[in-house]
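Undergrad: There's a structure below that I have some questions on.
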């Protein structure tokens, strides 16, 4: 059951994100900032789900839960590096410029600016992942080496550490949480200004065009935020290995498989390219 469920989700993620990457790369009509960012979001989603799910599927077939120390370190690093929040923030800025400052769009969202923003998103993820991985794996483990999760997750690793030695990593987690919250506030403020402009558009066709540009991104942001909050704000009283595993699936596996579907639905340009 474990293998079949994860296989279906993984194949859906491979198909959806692979089609988007192929369509954007091969169709010159899609060589615009919004699809450039979408291509990188699909690359990020593919890398994220490929870090955790295939290993878990192999383990389920072999009836084992083993993972090497280096494999665990790689999962921690890549999973943190491929977090979506930086790229989703860049995509919100793109939508803000397109709707609120359309006459300056070509100037502000030129190819160099887009490359710099994507490089910044990937670079911030790399730095964040390097800090978390080095901090977490330098903590001595006093409670054994059994991680009650289908991948190496930092909160589960911290449960195995000595009680007085993980304050440094908790500090990094707080800093990361503040960064994610800052990105979320930026996205919210961007959409407040976007909707203020949209509501002043007199024509219904203009409303439809603006909402069709923004709703897929809003849906992806909502999915990311809701699943992360669900996992982070889970009451400690209901914590158990089985509950932790079920809670981890929505934020680690579902978004990479669903994001491509959200962006391709009712997207005429993308569907024609496909």
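Each Cβ is built from the backbone N, Cα and C atoms, and glycine gets one as well.
Fair warning: this is a prediction, and the values are worked out from it, not measured in the lab.
As annotated in TrEMBL:
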TRANSMEM  6-27  transmembrane segment
DOMAIN    16-263  domain 'G-protein coupled receptors family 1 profile'
TRANSMEM  34-53  transmembrane segment
TRANSMEM  73-93  transmembrane segment
TRANSMEM  113-131  transmembrane segment
TRANSMEM  170-198  transmembrane segment
TRANSMEM  210-233  transmembrane segment
TRANSMEM  245-265  transmembrane segment
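Burial and contacts for the listed features, if you can.
TA: Same-chain neighbours of the transmembrane segment (6-27): 35-36, 38-39, 42-43, 45-46, 49-50, 53-54, 56-57, 60, 253-254, 256-257, 259-261, 263-264, 270, 273-274, counting only residues six or more beyond its ends whose CB sits under 8 Å from a CB of the stretch.
Tertiary proximity for the transmembrane segment (170-198) is limited to same-chain residues at least six positions away from its ends with a CB under 8 Å from its CB atoms, namely 83, 85-86, 88-89, 92-93, 95-96, 99-100, 128, 131-132, 135, 154, 158, 206-207, 210-211, 214, 218, 221, 225, 228, 232.
Note on the transmembrane segment (210-233): residues 34, 41, 84-85, 88, 91-92, 95, 98-99, 177, 180, 184, 187, 191, 194, 197-198, 201, 247-248, 250-251, 254-255, 258-259, 262-263, 265-267 of its chain, located 6 or more positions outside it, place their CB under 8 angstroms from a CB of the stretch.
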Undergrad: Please report, as numbers and ranges, the same-chain residues at least 6 past the borders of the transmembrane segment (113-131) whose CB is under 8 Å from any CB of it.
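TA: Sequence-remote neighbours of the transmembrane segment (113-131) are 33, 36-37, 40, 76-83, 86-87, 89-90, 93, 172, 176, 179.
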Undergrad: What residues in the same chain, six or more past the boundaries of the transmembrane segment (34-53), come closer than 8 Å to it by Cβ-Cβ distance?
TA: 6, 9-10, 13-14, 16-18, 20-21, 24-25, 74-75, 78-79, 82, 84, 87-88, 90-91, 94-95, 98, 114, 118, 121-122, 150-151, 213, 220, 252-253, 255-257, 259-260, 263, 269-270
